[in-house]
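Enquirer: Have a look at this one.
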């Protein structure tokens, strides 16, 4: 059979099948994400309105912000409004709100363009520096930076404006403090207008003179040219088929985003490989069985003829793939830092744009890193190290006979050098914008070649540091052991012999008091193994916890973190606020959010090439947006997936601080916090990366009797929560089993009718693929040991994580549904509703193909659960997706106290004729 006929048959066969669905939150945006306008500005290629839209070279610079109303350009010096785009001339006009105009002059910030930016300053643009010192380097006669000819008229015109008083000058002031030059490249490196360096108060930019003699008619703004060569015939074909030109986030290859929701590699007429725009993770291909069998038969015949080629085999493998998904490896574990060799090159460079961060008290800052290599490769990458000195001197002492590696500290994050510049391999120049958080030490950036597996250190940057790296940061609240107690935990660089930690707090308008804080820390010897004790080790600083007691219920309190230094001075955090918990049984509106398996993601896109925890930022953002409607949050295990890389705990607490500093943020222990062989965990695997629970029980407070045993109960108004630790033995007869029974038995259901059981691993029911493969539909021995307790004490819901998806069962006991309703339960449930809410952010887990009768709703997506108790008789359950915050599943329970008292199977003592 001729070669071309074989390929034709295979391709025709594939066309008879449904198009495959590639699900990845990092691949192609959902249909509707790309739009042709942002506010009033038409948006055309190479620009886009969201990630994956337009050309990747422009995606990091131009975005549609302010809720889709303002097209914005972001540079190293700020974010600016794009007021117009002239596509025929490839010109963009941006406005800086701090830039001076004739009607309003003010002190300005700086303005710059990155060296690798696809923009350049238009020739017709005129920059004018105002209110400059006479000692400014602008006026150095050897530099000749100012236009003293026609520029003088421009200066006189601006100084005739009434707005000049805004920079402290009188009207018609002498023009000797004004300088005109055509481009900010005239001073310093790159396109950089550095006002402090130039000793000027303000700047303005004029791109057109309406009437040169009347400055009120001049047009103020920065005119930029962009490189129009990105437009291609492929993009033209896409646009002619009503598609939007975009790109895949995985490899930045071209993608045509179609209005029907099918995104392709070519156009919207049906040619090219096609993907769904669904945000998710993994690859999920749905094919009809007949088509797959036909394809298999054809390929089998061709194999007999020995004429199938590698392309056909690749197509077959792709077509027969059902799903690829997993927890994924911790991205930092991909870096073989211990194998690093020095390959420093005098013509390579790395430079950070800023050296001092947090000058106004910020704990998060963006830093632009510019770099270059004389021998560029697509395997080159930038590592962020903290402390900045990451050489062998920081390695722990070893036996003299043992070889000490060149480096022994993993980076806290990394990104490939070509992430924002697809032509890096050709030009050898690149730029990354990276987000840093205050982590008690300084930072440096290093350029490596050789990929992640064989790193070669090529160049190291200057040092960057926060103004106060020891500052108190990342407040996190938790319920205390009493209902009227709130705990505040935070991290700092201050040991107790350096400063006294405390919280200053009080009600709004009332007296404020100071409550002292206890301080914890640990060293390598507290941890159980690698990488936590080796390349993943980073000094955790000091973790402080203060107990705010005797709070009035449902009352707003204000607080701030403080340290009194030995010299008598104070260091303060920002001011926070929280609402105290309702007392047990209080009849008020109470709203609870529950989810598991969150992880952390990087806003700058670093570390996440393998889609490790892509949903966590969406979950975080949705909770922040709805925070006024949330009273308490439970994260039920697999908190941040640091897996032994300790720096990631700081990253996580920074990510959730807007939530955790405002409402109680309660955590449970999961396998990625606790499990380690020989450490007493119920499961002897390596999932914690050597942390063996130390990080979780130190970084977060829980009201447990012993924080090493991570089970506890907490009351919140009409709710009683019993939180189990699935990483310790829960079976009948154990210490934890006795705790669970006591927690369930001791609640007064007349006052607290809503009884909720929480745990990480699924001790109840799940049709997740790996549980079904085991034949257990849940954790082996889970239901066998605990369902009698759930039934006896009439637990309303058992909510679990571990399986990274969403699933809800009917009210169930011993594998049998005890109520045939789905969305409204009136009266007794007669069983317990089981929920898997493991879609907090970590990579999604597939369901089994079998769908049990007890499984009412399944969703392969990121999301969280919200419980709303309106009173003692009415509860609303909602499942919301992290992508949009909308409700995708819900039910209500309506009942009276007598319905809780009523007997169900095995829920009441046996009766006899005598009784």
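Note: Cβ is positioned from N, Cα and C throughout, glycine not excepted.
TrEMBL lists 1-18 with the feature signal peptide. Annotated domain 'Wall-associated receptor kinase galacturonan-binding' per TrEMBL: 34-96, in sequence order. Annotation source TrEMBL lists domain 'Purple acid phosphatase Fn3-like' at 350-468. The domain 'Purple acid phosphatase N-terminal' annotation in TrEMBL covers 476-579. If you look up TrEMBL, you'll see 591-806 marked as domain 'Calcineurin-like phosphoesterase'. Annotation comment: TrEMBL describes 831-890 as domain 'Purple acid phosphatase C-terminal'.
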Enquirer: Pull the DSSP breakdown for the domain 'Purple acid phosphatase C-terminal' (831-890) and write it out as helix, strand, coil residue counts.
Expert: 0 helix, 31 strand, 29 coil
Enquirer: Please list, for the domain 'Purple acid phosphatase Fn3-like' (350-468), how many residues fall into helix, strand and coil according to DSSP.
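Expert: Secondary-structure breakdown of the domain 'Purple acid phosphatase Fn3-like' (350-468): 7 helix, 47 strand, 65 coil.
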Enquirer: If I take every residue in the domain 'Calcineurin-like phosphoesterase' (591-806) and average their pLDDT values, what number comes out?
Expert: 94
Enquirer: Provide the three-state DSSP residue tally for the domain 'Wall-associated receptor kinase galacturonan-binding' (34-96): helix first, then strand, then coil.
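Expert: Reading the DSSP string over the domain 'Wall-associated receptor kinase galacturonan-binding' (34-96) gives 4 helix, 29 strand, 30 coil.
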